[in-house]
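A.B. asks: In case it helps, Swiss-Prot gives these features for our protein:
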- GLY38, TRP140, ASN194, ARG386: L-aspartate binding site (BINDING)
- ALA2: N-acetylalanine (MOD_RES)
- LYS258: N6-(pyridoxal phosphate)lysine (MOD_RES)
Amino acid sequence: MAASIFAAVPRAPPVAVFKLTADFREDGDSRKVNLGVGAYRTDEGQPWVLPVVRKVEQLIAGDGSLNHEYLPILGLPEFRANASRIALGDDSPAIAQKRVGSVQGLGGTGALRIGAEFLRRWYNGNNNTATPVYVSSPTWENHNSVFMDAGFKDIRTYRYWDAAKRGLDLQGLLDDMEKAPEFSIFILHACAHNPTGTDPTPDEWKQIAAVMKRRCLFPFFDSAYQGFASGSLDKDAWAVRYFVSEGFELFCAQSFSKNFGLYNERVGNLSVVGKDEDNVQRVLSQMEKIVRTTWSNPPSQGARIVATTLTSPQLFAEWKDNVKTMADRVLLMRSELRSRLESLGTPGTWNHITDQIGMFSFTGLNPKQVEYMIKEKHIYLMASGRINMCGLTTKNLDYVAKSIHEAVTKIQ
């Protein structure tokens with residue numbers, strides 16, 4: 001029999017976070033803990049369907065007027081409009097001036113990809129693959145892949161995490177922006193930076209915006225955790241809204257996976273802020289062409305759940321309460337873990353655990369210590385030392401804290 005025409009195809013390495021979860025599932029040890037999963041978990045370690053989502057799903061199922069016809073190519077209009085409103089604010093002048101457009105995407109990744117595909121085709125000259133794209137060091141690993149696969153050839157990093165002080169390297173970040181070529185694209189985490197959990201303060205964001213404006217750099221925000229970081233939708237959108245108020249044209253990729261718990265519905269939105277309505281409409285016309293050959297038409301269920309919730313004052317209030325429940329549990333786990341590590345006298349400082357916000361924490365554990373945690377203690381976390389605070393529960397906190405203490409004291 002002739003060899004397969006695919007015989008020369010190399011096997012791609014597995015996606016790290018999904019491989020980690022697979023390894024966790026196969027582990028038969030009763031003490032095992034999964035701190036790698038990128039999703040919310042209850043104190044029982046279980047997925048949580050938001051009560052408001054259950055309620056809206058029942059409303060949708062009972063609505064005889066709904067059908068399964070195609071949506072518009074750019075997505076469900078009431079979802080797109082309200083998603084952008086959540087990002088930019090009820091009183092957004094940009095929305096009032098009709099210079100905001102949006103595209104429904106397949107989750108935050110889909111929103112990022114449509115933005116990247118458009119920028120490669122039309123930003124800084126037609127089909128300019130040489131425009132530098134800057135991602136934070138470190139960043140969510142998919143940022144690199146999305147922009148590379150969209151055709152950008154020059155992906156660079158800007159300094160962000162200061163390992164020595166376990167916090168933001170503001171001066172390094174600003175210096176890298178000063179040195180970046182004009183019209184470079186900068187991927188900015190709107191809140192709850194992944195993986196570090198370390199965000200700039202409002203004053204630091206102002207300094208970042210000032211440099212970006214002077215250097216003519218393009219802001220592309222990734223907003224995956226609005227409401228989940230601090231418990232406040234407005235506080236978590238502060239940076240995006242400030243940049244808009246400063247006159248920036250920008251993109252903002254939004255994900256509703258975390259704050260609605262709709263991970264497998266793939267609900268995302270790309271908000272486009274332009275100088276005027278005409279510019280935005282021309283951008284959307286090109287994005288429509290890109291969507292047509294990418295997924296052609298988005299799914300409706302998740303978008304309908306979000307739109308129904310955001311347009312009802314009662315459901316919106318209930319959703320905010322659900323989001324705060326998740327955010328508060330994360331804050332509690334941060335406080336409890338830090339307290340236990342300090343009580344154990346674990347070497348180093350641990351205030352960064354409570355200084356950071358959002359689902360993830362950059363522990364500061366090195367790869368050898370991480371390996372020890374996985375192999376000896378059956379506690380699964382990313383090689384970078386990133387942990388998902390939602391993987392902690394009142395039942396496993398003591399075990400995790402003692403294991404971190406052991407790893408830090410035994411392994412250098």
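Here the Cβ of each residue, glycine as well, is placed from N, Cα and C on the backbone.
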A.B. asks: Could you list the residues of the same chain, at least six apart in sequence, whose Cβ is under 8 A from the Cβ of ARG386 (L-aspartate binding site)?
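C.D. replies: Within the chain, ARG386 (L-aspartate binding site) has Cβ neighbours under 8 Å at GLY36, PRO195, THR196, PHE360, SER361, PHE362, THR363.
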A.B. asks: Using the CB centroid of GLY38, TRP140, ASN194, ARG386 as the L-aspartate site centre, which other residues of the same chain sit with their CB within 8 A?
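C.D. replies: Other same-chain residues with Cβ inside the cutoff are VAL17, PRO195, MET359, PHE360, MET382.
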A.B. asks: Just to be sure I understand: of ALA2, GLY38, TRP140, ASN194, which recorded positions have a C-alpha no more than 10 angstroms from the C-alpha of the residue listed as 'N6-(pyridoxal phosphate)lysine'?
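C.D. replies: If one measures from the Cα of the residue listed as 'N6-(pyridoxal phosphate)lysine', the recorded positions that come within 10 Å are GLY38.
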A.B. asks: If you measure every Cα to Cα distance among GLY38, TRP140, ASN194, ARG386, the residues said to bind L-aspartate, what is the biggest one in Å?
C.D. replies: 11
A.B. asks: Far apart in sequence but close in space: which same-chain residues, 6 or more away, have a Cβ under 8 Å from GLY38 (L-aspartate binding site)?
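C.D. replies: When sequence neighbours closer than 6 are ignored, GLY38 (L-aspartate binding site) has VAL17, MET359, ASN388 within Cβ distance under 8 Å.
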A.B. asks: With every protein chain in view, what's the tally of Cβ atoms within 10 Å of the Cβ of TRP140 (L-aspartate binding site), excluding that atom itself?
C.D. replies: 23
A.B. asks: Within its own chain, what residues at least 6 apart in sequence put their Cβ under 8 Å from the Cβ of ASN194 (L-aspartate binding site), listed in sequence order?
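C.D. replies: Long-range Cβ contacts: THR139, TRP140, ALA224, TYR225, GLY358, MET359, PHE360.
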A.B. asks: Considering the modified residues ALA2, LYS258, which residue's Cβ sits among the greatest number of other Cβ atoms within 10 Å?
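C.D. replies: Comparing the modified residues ALA2, LYS258, the most crowded Cβ belongs to LYS258.
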A.B. asks: What does DSSP say about the residue listed as 'N6-(pyridoxal phosphate)lysine': helix, strand or coil?
C.D. replies: helix
